[in-house]
Amino acid sequence: MAAAPAPLPAAVAGWWERVNGSPACQDGIFCALAVLYGIVAAASFIQVARIQRRVPEYGWTIQKVFQFLNFVVNGARCSIFAFRRLVQQVNPPILQHVILDLPGLAFFTTYAVLALFWAEILYQARGLMTDRLRSGFYTINGVVYALQGFLWLCLWWNPNHSMLVISKLFIAGLSFFTALGFLLYGGRLFLMLKYFPLESKGRQQKLREVGRVASICFCCFMARCIMMCFNAFNKEADLDVLDHPVLNFFYYLLVEILPSSLVLYILRRIPAKLQLSQYHLLSSG
């Protein structure tokens with residue numbers, strides 16, 4: 001006689017359906033996401049304030065811009081999940097896509113800033129000019145936002161499933177190339193630091209810092225790419241609906257909240273305060 005099937009999968013499936021179909025559970029999970037994003041946003045804002053208080057004469061450095069963009073992205077996500085049910089009622093529907101997708105694009109820009117910082121270090125170490133890197137960064141971001149805006153217009157003009165799939169695949173492709181960027185520049189910077197002289201100040205600490213951050217960002221964007229592909233072709237993996245709160249929780253926890261928290265913790269050190277002699281040199285320069 002055949003053995004009876006294990007009841008666990010059915011129980012898990014039933015739990016999943018009950019949680020997804022319960023408005024109370026939906027609101028609770030979205031509220032939890034809002035709180036987590038709010039904590040990360042607050043930590044980023046505190047870092048910006050600390051840097052400004054410690055070295056106000058440096059102005060808007062890449063470190064400060066990176067922390068500020070983290071504050072903006074996580075603050076926006078916090079607001080969206082705090083009012084998630086109201087967002088789902090926004091009309092016309094294209095505005096829902098803009099509200100839900102725009103923080104993801106800003107997340108790309110935020111970590112592209114970090115990749116730019118590493119690329120500048122590599123170029124400066126080789127005595128090369130970094131002006132083209134900055135102009136390339138602005139150009140790439142401009143093209144990305146323009147293409148996404150064009151896709152939004154097409155989706156508004158002709159709201160069909162094919163356009164929605166193309167829009168999600170665009171985000172997947174963007175995530176894939178961002179992951180490759182971290183693999184390229186993070187790997188090259190890691191190797192450069194690895195072959196620095198052993199007596200170089202802070203070499204081991206910077207080596208660990210770059211290796212960990214590059215690994216986290218690569219895994220984060222690759223996971224986002226894979227999930228966006230599933231999201232595009234499988235309705236059960238749709239993140240833009242209210243009745244998939246568990247999927248939303250694990251997705252945003254793993255590809256945004258946890259990576260951002262780890263990166264902010266690793267990059268928590270702020271510049272040392274300038275001494276009077278250093279300040280005079282900076283001013284004269």
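Cβ coordinates come from backbone N, Cα and C, glycine included.
Caution: TrEMBL annotation is automatic and unverified by curators.
Just so it is clear, the model here is predicted, and its values are computed rather than measured.
The domain 'THH1/TOM1/TOM3' annotation in TrEMBL covers 13-281.
Here TrEMBL flags 27-46 (among others) as transmembrane segment.
As annotated by TrEMBL, transmembrane segment applies to 66-84 (among others). Counting same-chain residues at least six beyond the ends of the transmembrane segment (66-84), those with a Cβ under 8 angstroms from any Cβ of the stretch are 26, 30-31, 33-35, 37-38, 40-41, 44-45, 47-48, 51, 99-100, 102-103, 106-107, 109-110, 113-114, 117, 242, 252, 256, 260, 264, 267.
Residues annotated as transmembrane segment in TrEMBL: 104-123 (among others).
The transmembrane segment annotation in TrEMBL covers 135-158 (among others). Within the chain, the transmembrane segment (135-158) has long-range Cβ neighbours (under 8 A, six or more residues past its boundaries) at 92, 94, 97-98, 101, 105, 108-109, 112-113, 116, 164, 166-167, 170, 174.
Among the features that TrEMBL reports, transmembrane segment is placed at 170-191 (among others). Non-local neighbours of the transmembrane segment (170-191) in the same chain are 101, 104, 108, 111-112, 115, 118-119, 121-122, 144, 147-148, 151, 207, 210-211, 213-215, 217-218, 220-222, 224-226, 228-229, 232; each lies 6+ residues outside the stretch with a CB under 8 Å from one of its CB atoms.
Annotation source TrEMBL lists transmembrane segment at 212-233 (among others). Taking Cβ pairs closer than 8 Å, the transmembrane segment (212-233) reaches residues 111, 114, 164-165, 168-169, 171-173, 175-176, 178-179, 182-183, 186-187, 189-190, 239, 251, 254-256, 259, 262-263, 266-267 in its own chain, all 6 or more past its ends.
Feature annotation from TrEMBL assigns transmembrane segment to 249-267 (among others).
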| said: With Cβ-Cβ distances below 8 Å as the criterion, list the same-chain residues six or more beyond the ends of the transmembrane segment (27-46) that contact it, or say none. | reply: 19, 67-68, 70-71, 74-75, 77-79, 81-82, 84-85, 245-246, 248-249, 252-253, 256-257, 260-261, 264
